[in-house]
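Notes for the one structure printed next.
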């Protein structure tokens, strides 16, 4: 058994004051990666006040000969499913993606491998684990025919949670003494907090002045980690850490550790100072008008005296100092699963000024919003934005970016934001964030001037915002299909691409087929079914009308199934895709079934009974598992056994080979069997995603051609109550097969 341990951070949590908890989920069988649905997703909930998180990853495989050495890739992310790209494809334009944090678990000689991943001070909330095998091969494997190997993955989560924790109240010193164990503290950051100042005062180490303390602030989030670590020196001056725009409306974890050794003592006082951000809220006309004509503050829900008071407040006329942001009310409209539309409450554009940032809050904190793609589109008015003005915007989670006057990097205390900008040369800006973290997101906009700042003070730009959460970007385009995936009630979306297109939104055309190639492929797959006209004509000529009907059914539905199966422009669906696929599979299996039974030359009643029973059995098996090869191969082998038994019986009864004619063997049976054998070999072992259009078309031709050659000659032309001879004197001699009598009428 191979055992590997990986560490993220330095877990040095003691046992005193901690409780351990264990979480597990059912194992899942891994798949080779072809699109995001190939990865197996696990969702865990990390409890608050967790100081150590340990993942125990166990991968096992079968011991059969089909199992080879493999390397399993495991991705981790907090707040949302990991955005992965094992195929190295291009993401859509304007997409912001961070590389996922991943570990690799090798499986070589041992059938079982374990890996341990430690995370110190993890962020509370949802954590996601995704695992998959290497990229899949292009060969199309038939289910149940080729030997397979089962790779099973199971993650367990062990957490250590602190139960003895001190709360730091704002502006109130909290005495602490460090001996051999760290001190765990937390401070609550209310909404509209602009800055948080953490300070260690009055430090005394072993009776002398000094502050040998390491202060760890904030949680660890993957893949990005903005956790702050402050190492205080031995100087007597206070040790400080200033955090701009800390995460709002949540507890912030603090861990203080002594640096003087296991027997030293450090005493200090922890002080937290909060700087409040005074918001100015845009007032809007209420949606439902009452009898009085008044406006309401959309943020606080209280009546607002009117626009005169707003102007005074914006300029700082009301006591309490100037405002630090303009709160733009936003409505959230849930339109479908993982589909949300955000827009200003008054359905108008957002006014952007230079004195304070305009902030829009996007509530993506329901726990079910992280499985889609957040799209942000900004457009400025042409007549309002000038050459020297610039509208800058930042999209951040947990808290807004408010320091446009000093920096434009969109970095808050624990989050790297996503920047956008609008100018006279570029009045539109777009941003796409796949799988946004579960949190409140904030879009901050402010007007800046590069030359004359005085002109900027009186200027205002109206920016139209288009904010959506969609399952898939542009519904995966014309060459993809947006599919909703589910894991224990959690829904997330992914794109399944066709025609050689790849990527997160099926926008990578590096290996894509051209429109001409798509049309050629469609024509090959559909027109190759015209080869079934040959067995239809032979069946009608030889009075095999039931067999002719089956071949016509197969030709019709195979043609329109493959016309509907194509992506892009070359597609035509007369029925639903699932119906066409089922009818195509049913027709193919029934055509093989009736051809083999027809070759057996059974009695008429028995043959038609087997025709019907075999069709019903094939229909039932396809309903159970449409792509199971043995569900179709089983009835066909049974028909072949019946045919072989009848031929052997006739050989023994007649004491000569059956069929008796060498011409029948040389010109019909041997060519027909050869065509069928080549078709089966191509269908089972030569089809790949690249040559599918050619090999499957050849399969159509060989299947239809073999049926035309293998159909037996017609039986005796005499039929029940059929007139076999017509006399010149208008008398007819008719034969009754039942009574074996000849009558003259």
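Count begins at 1; order follows the chain as displayed.
Each residue, glycine too, has its Cβ placed from N, Cα and C.
Per TrEMBL, the feature region 'Disordered' maps to 296-318. If you look up TrEMBL, you'll see 468-507 marked as domain 'EGF-like'. Here TrEMBL flags 472-482, 497-506 as disulfide bond. Taken from TrEMBL, the feature transmembrane segment applies to 523-545, 605-623, 629-649, 665-686.
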Beyond the flanks of the transmembrane segment (523-545) by 6 or more, those residues with Cβ under 8 Å of it: 551-552, 554-555, 558-560, 562-563, 565-566, 595, 598, 693-694, 696-698, 700-701, 704-705, 707-708, 711-714
Pairwise CA distance, residue 506 (disulfide bond) versus residue 482 (disulfide bond), rounded so that it is a whole Å: 10
Same-chain residues at least 6 apart in sequence whose Cβ lies under 8 Å from residue 482 (disulfide bond): 471, 472, 475, 476, 493, 494, 495
Residues satisfying Cβ distance under 8 Å from residue 497 (disulfide bond), sequence separation of at least 6: 35, 476, 479, 480, 503, 506
Lowest local Cβ density among 472, 506, which the record lists as disulfide-bonded residues, within 10 Å: 472
Confidence summary for the domain 'EGF-like' (468-507), mean pLDDT rounded: 90
